[in-house]
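One structure below.
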Amino acid sequence: MSSQVLASSQKNDKTQNIIRPTTKFHPPIWGDRFLHYNISEQELEYKEGQVEELKEVVRKEIFHGNNKRNIINVSKQLKLIDDVERLGLSYHFESEIEKKLQHIYEITTNNIDHQDQHYYYSNHDEDLHDVSIRFRLLRQHGFNISSNIFEKFKDESGKFKESLKSDIEGMLSLYEASYLSYVEENILDEALAFTTTNLKLVANKKEHPLSHEISLALYRPLRKTLVRLYARHYISIYEKQPSHNKVLLQFAKLDFNLLQSLHKKELSEISRWWKELDLANKLPFARNRIVELYLWILGVFHEPQFSLARKILIKAISMASVADDIYDAYGTFEELELLTEAILRWDISFIDKLSPDYLKTYYKVFLNSYEECEKDLKKEERYKLHYAKESMKKLIQAYFHEAQWLNQGHFPSFDEHLKVSFVSSGYPMLIETSFVGMQDVKTNQVFEWLSTQPKIFRACTIISRFMDDLVSRKFEQERNHVPSTVDCYMKQYGVSEQEACDELNKQVVNLWKEINQEFLRPTSMPSSILVRILNFTKVLDIIYKEGDGYTHVGKLVKDSVAALLIDPIPL
């Protein structure tokens, strides 16, 4: 796949016979499929009207249907909230869900039976399924609920009761709950091991009614699944449940298809922007993955109100992707020195100092992309772009730092490597830039918070670094390449490749637990901010679960694109 070739970047390059380390990336698999999407404003407005109408029906039925003669069972209420979230509808009812969960938390925390004019709760009536859903939803939303509530499901020897193995629904719920664990929360580690072993046996029994749902969960638990992708799967599962709410189901289908229409329209605009840049022809050595990049961003924020945030982030991530290929797989060291200085200066007048011409091409497109972002922002919000620019400069400096290691033949220690590769992962830049276009980010408070490298920010970024290196290391080794975190860990600790990979995977598990703990109230930032970083982490399970799905676009990424951006749900 990789080779040393005699090449020049452009036909009119003055520099000839440069030996470049080039990598042959496969061409884009989508062609011009997303270039045009014809939907009229009238059709969109009609779809939006349908969704709004059903939204109010659901709001009244599910969230405001309580009265003195209609006492709601807590377990049933939690099941409804769980369904709303699994169907991808929670963004419509955030305040209602918060109010319901707050009330449920208050009446269940004391672990005593409770009945008032609206709610009925009995600790004695709760089975494993009920307790697991209550635990998962409350912890997911930051309520301080102890995992000790699962102690009652253990026997005298301290192990989970054998009788639970026959409660398949309960075990599946406990399995999902275990992924909300904190660091050193042993009971949830035990729960995960117990449920995984037994659920695998059920998953193999294709005739079991829950086998499909169990297989999905074992492959990717709810905590690590993108909201939209899970909604796509769960709509068909929910429809088969005899007790499903028909209005809620119809609302979920219409909402999914409406958002898909909005996203397809957005992607067509982005695809045309990308095609007009013509970088596929001007810089043919770089990966051409605009659709996959949009999928990445869609995982971070899919809600319609974040269209501007997506538009800004797609331009930043596409520029970073091309830069990554210049620094990692094409540019000479001397060229990289020039490009680094140019980006740090951020001044179009520096373009005349750039050579060969491919650097000029990239630099002009790079600066223009950020100018476009500035124009898209309201005047009073443009100060936020400063943070995006500074984070991009840091990314470029990290790319160059790694190029220096390669040029000098330096093999860094694991700790030294992580200081630089933490930034070169691209995630610090992407996370910071994601907040630039979010209109509910009104001040610089979020950016100042990020500058302190809070725990959730560090955990997410390190996960991205480790997951990338774990799957891309062998491909990168086919050419002269800077050592990965795996290589550096092996050298620093004198362990085998398998031992190093096992340790990094173990750290990823613990970093997920740190992310979970950062949602515990009171939080350092509003949950609307923390959720974006959580979503950045979730996307990694799509991109890197089965290899480097960005560089080598495989079935998992293709299927995800099809599910979210091609195939509507039949009504």
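For all residues, glycine too, the Cβ spot is worked out from N, Cα and C.
Note that the coordinates shown come from a computational prediction; the quantities given were computed from them, not determined experimentally.
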Which of these ranges is annotated motif 'DDXXD motif' in Swiss-Prot: 244-248, 324-328, 449-453?
324-328
Out of Arg272, Arg287, Arg521, which is the one Swiss-Prot records at the (2E,6E)-farnesyl diphosphate site of Asp324, Asp328, Arg465, Asp468?
Arg287
Report the largest Cα to Cα distance, in Å and rounded to a whole number, among the residues Arg287, Asp324, Asp328, Arg465, Asp468 that the record lists as binding (2E,6E)-farnesyl diphosphate.
19
Determine the Cβ neighbour count for Asp468 ((2E,6E)-farnesyl diphosphate binding site): the number of other Cβ atoms within 10 Å of its Cβ.
24
Hey, how far is Asp324 ((2E,6E)-farnesyl diphosphate binding site) from Ser472 (Mg(2+) 3 binding site), Cα to Cα, in Å?
14
Please spell out the DSSP helix, strand and coil residue counts for the motif 'DDXXD motif' (324-328).
5 helix, 0 strand, 0 coil
Would you please pick out, from the binding-site residues Asp324, Asp328, the one with the fewest other Cβ atoms within 10 Å of its Cβ?
Asp324
